[in-house]
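To keep things clear, I will list the structure first and then write my remarks on it.
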Amino acid sequence: MEKGVSFLVTVALMALASSFASASDPSPLQDTCVAIDEPKNAVFVNGKFCKNPNLTVAEDFFSKGLNIPGNTSNLVGSSVTTVNVDVIPGLNTLGISLVRIDYAPYGQNPPHTHPRATEILTVLEGTLLVGFVTSNPQNRLFSKVLNKGDVFVFPIGLIHFQFNIGHMNAVAIAGLSSQNPGVITIANAVFGSNPPINPDFLAKAFQLDKKVVEFLQARF
């Protein structure tokens, strides 16, 4: 009888411990948490201080100008206009942000990743070749040509890209599942790090001649 009771007590304790271990509430526990830089009388949440809700105004949730094309006069022929928590403070804790991407003819958004967000992109104008590559060991490429109104998803953390294959400018809007998704452009990170990564290492890693690596490092 004592063994039976002991067993039941053990099971109950394990269940209780499990309930404590899995207890969580990932969603915001307040309606708003408008980000502010001034810490006085504020609470620090998700890397930002929260504004007093009684002082929150409509402007905290507003931004304008996303209709204005970005400047694509650069080496890659694209421009990303970001609307994240730094632009709209009211996005703090809401787990979402937005970008407008402009592409010159044959412009591209080079291979990159978002370490904290999945991205869903829709084409407003033009024709884009897009794709993402899965993780090792498959490194499988999922690619598609998108036209106006088409939608494509890039899973969180995976390398992806967009390329304007048309003769005219292209425009896309993308939503991301983070208030600050971050971006790591592969070529910039590898060949443009500060300080530079040892070129002997990169030559072996990419199976390139060291002079080619040094040339690429000089470009970035």
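Each Cβ is built from the backbone N, Cα and C atoms, and glycine gets one as well.
As the structure is a computational prediction, the values presented were derived from the model and not from experiment.
Under the heading oxalate binding site, TrEMBL lists Asn109, His114, Glu119. The Mn(2+) binding site annotation in TrEMBL covers His112, His114, Glu119, His160. Marked as disulfide bond by TrEMBL: Cys33-Cys50. Residues or ranges marked as domain 'Cupin type-1' in TrEMBL: 64-214. Under the heading signal peptide, TrEMBL lists 1-23.
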Nonlocal residues around His114 (oxalate binding site), in sequence order (Cβ under 8 Å, 6 or more apart): Phe154, Ile156, Gly157, Leu176, Ser178, Pro181, Gly182, Val183, Ile184
Entry from the disulfide-bonded residues list Cys33, Cys50 having the most other CB atoms no farther than 10 A: Cys33
CB within-chain contacts under 8 A for Glu119 (oxalate binding site), separation at least 6: Val153, Phe154, His160, Ala174, Gly175, Leu176, Ser177, Pro181
Nonlocal residues around His112 (Mn(2+) binding site), in sequence order (Cβ under 8 Å, 6 or more apart): Ile159, His160, Phe161, Val183, Ile184, Thr185, Ile186
Residue with minimal Cβ packing [other Cβ atoms within 10 Å] among the binding-site residues Asn109, His160: His160
Alpha-carbon distance [Cys33 (disulfide bond); Asn109 (oxalate binding site)] in Å: 32
Output field, oxalate shell: CB within 8 Å of site CB centroid, site Asn109, His114, Glu119 dropped: Val99, His112, Thr113, Ala117, Leu121, Phe154, His160, Ala174, Leu176, Pro181, Val183
Shell list (Mn(2+); ref centroid = CB of His112, His114, Glu119, His160; cutoff 8 A): Thr113, Ala117, Phe132, Phe154, Leu158, Ile159, Pro181, Val183
Whole-number mean of pLDDT values that fall within the domain 'Cupin type-1' (64-214): 97
